[in-house]
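Residues annotated as domain 'EngA-type G 1' in Swiss-Prot: 3-166. Under the heading GTP 1 binding site, Swiss-Prot lists 9-16, 56-60, 118-121, citing sequence analysis as support. Positions annotated as domain 'EngA-type G 2' by Swiss-Prot: 193-366. The GTP 2 binding site annotation in Swiss-Prot covers 199-206, 246-250, 311-314. According to Swiss-Prot, the domain 'KH-like' annotation covers 367-451. The region 'Disordered' annotation in Swiss-Prot covers 448-487. The compositional bias 'Basic and acidic residues' annotation in Swiss-Prot covers 448-461. What Swiss-Prot lists as compositional bias 'Basic residues' is 467-487.
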Amino acid sequence: MVPVIALVGRPNVGKSTMFNRLTKTRDAIVGDLSGLTRDRQYGDASWQGRSFILIDTGGITGDEVGMDEKMAEQSLMAIEEADYVLFLVDARAGMTAADQMIAEHLRKRNKSAILVANKIDNIDADVARAEFSPLGMGNAIPVAGSQGRGINQLMESVLGHIPRDAEEEALDQEVAEGEEAVRIPGPSEKDGIKIAIIGRPNVGKSTLVNRMLGEERVVVYDQPGTTRDSIYIPFERDNEKYTFIDTAGVRKRGKIHEEVEKFSVVKTLQAIKDANVVIFVMDAREGVVDHDLNLLGFALEAGRAIVIALNKWDGMESGERDYVKTELERRLFFVDFADIHFISALHGTGVGHLYKSVQAAFKSAVTRWPTSRLTQILEDAVSEHQPPLVNGRRIKLRYAHLGGANPPLIVIHGNQTEKIPKSYSRYLENTYRRVLKLVGTPIRIEYKGGENPYEGKKNTLTDRQVNKKRRLMSHHKKAEKKRRDKR
């Protein structure tokens, strides 16, 4: 399971700066989701090959009222969701009563935490450590988030305390043994295809899960890795194994009350990253809302195969249905590769067809293709539509190979590849999707330049080659001398 790290501290200690530094770009921020405080943000981050989810919480002072009190409550809830907490303090301002209150809360909750003394610029690190030692959080790690100083030491300390899962360890072993670290995932014998059911609260996720499982089944499977993990529900259908990753919480047959279903961003993001296929559930009567776009964007960024289920389709008038379909085409253009199903989870209409799309999307996401096949498609695409000229020179694309899966990563080699326009990349992506008959999965294309790998290198001759070269040169000199003597 992907670990969750929360940034906590009073206002203006540099949490957002640290968040943007670790996520590397503001584009990684999922954004302000409806129903959550605007100061609470979630991002997908990685450090030296290890992925984690980062939470930027609102500031906590201890004397909040009104809306600020609600924000502080949300920040404290984020602490509960996290595997690890980075407790940021301001080295310039020194220790405050708010810092002491937060430290006390972390101790009471028995949370694993590291004290981070931020804004250490032009301040003696030892003095800063001594300043905050009364907090009882151990030695503070000094950093300057705005400049990136101390970040390496901080992340090594944090990730060193979080155990690696089996997949990470296996990948590390492959790298250590010199094998190509490209993992082509497939359904394990135990889990089958892992399906994450995601969507906003009250769109019908719980009803859909139970409908797909069968009403006669009592859903009591609870295999959490931590106290806030999603519920994993293994089952079989038509001799195929599946595992639902359910973010709606534990429920039993006949006891589903979706109006009180709680939505957890962390659970949803973790479910997306751990799944093979995402079934994204929307409420047809509400249409497409910004919250839907945020969640779909994260699923797309994670590279997951996607199936869209538009629930509560029954009972809608013809005109309403036409309007919703128009809105889907207009607003979901960025996931136009995904199958869309119009269903009623309550009555079961159209639910059975979801399995076919899940199978097709998963197959498209993990199928291997040989280099010869991918290169032939590239050559045909280039013949039909040449890359543009750049400064009078034609961009040359030479060959392609598979670089990864789930999502498919196609690596294309050539010259001037850094100058390929986005429009031509989209053309190649659409060509691969059409020829390979891919459905339900995003495609990523990566370009490699045509640098000569032997440039600047000299061949080293063996002793045998040196002797042979010497004999040939001697023979050549003797032959040349004879020709001169004959003249």
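Cβ atoms here come from the backbone N, Cα and C positions, even for glycine.
Model, not experiment: these values are computed from the prediction.
Nearest to I120 (GTP 1 binding site) in space, judged by Cα atoms and limited to the binding-site residues G199, N202, K205, W313, is G199. Confidence for the domain 'EngA-type G 2' (193-366), expressed as mean pLDDT, is 79. Note on the binding-site residues N12, T57, N202: the fewest other CB atoms within 10 A surround the CB of N12. Secondary structure of the domain 'KH-like' (367-451) per DSSP (helix as H, G, I; strand as E, B; remaining residues coil): 31 helix, 25 strand, 29 coil. Break the compositional bias 'Basic residues' (467-487) down by DSSP state and the numbers are 20 helix, 0 strand, 1 coil.
Separating the Cα atoms of W313 (GTP 2 binding site) and N12 (GTP 1 binding site) is a whole-number distance of 47 Å. Sequence-distant contacts (6 or more apart, same chain, Cβ under 8 Å) of G199 (GTP 2 binding site) comprise K205, F280, V281, M282, D292, L295. Straight-line distance linking the Cα atoms of K15 (GTP 1 binding site) and N202 (GTP 2 binding site), rounded to a whole number, equals 32 Å. For N12 (GTP 1 binding site) paired with N202 (GTP 2 binding site), the C-alpha to C-alpha distance reads 35 Å. Taking all protein chains in view, 25 other C-beta atoms sit within 10 angstroms of the C-beta of G9 (GTP 1 binding site). Packing around W313 (GTP 2 binding site) is summarised by its Cβ count: 21 other Cβ atoms lie within 10 angstroms of its Cβ, all protein chains included.
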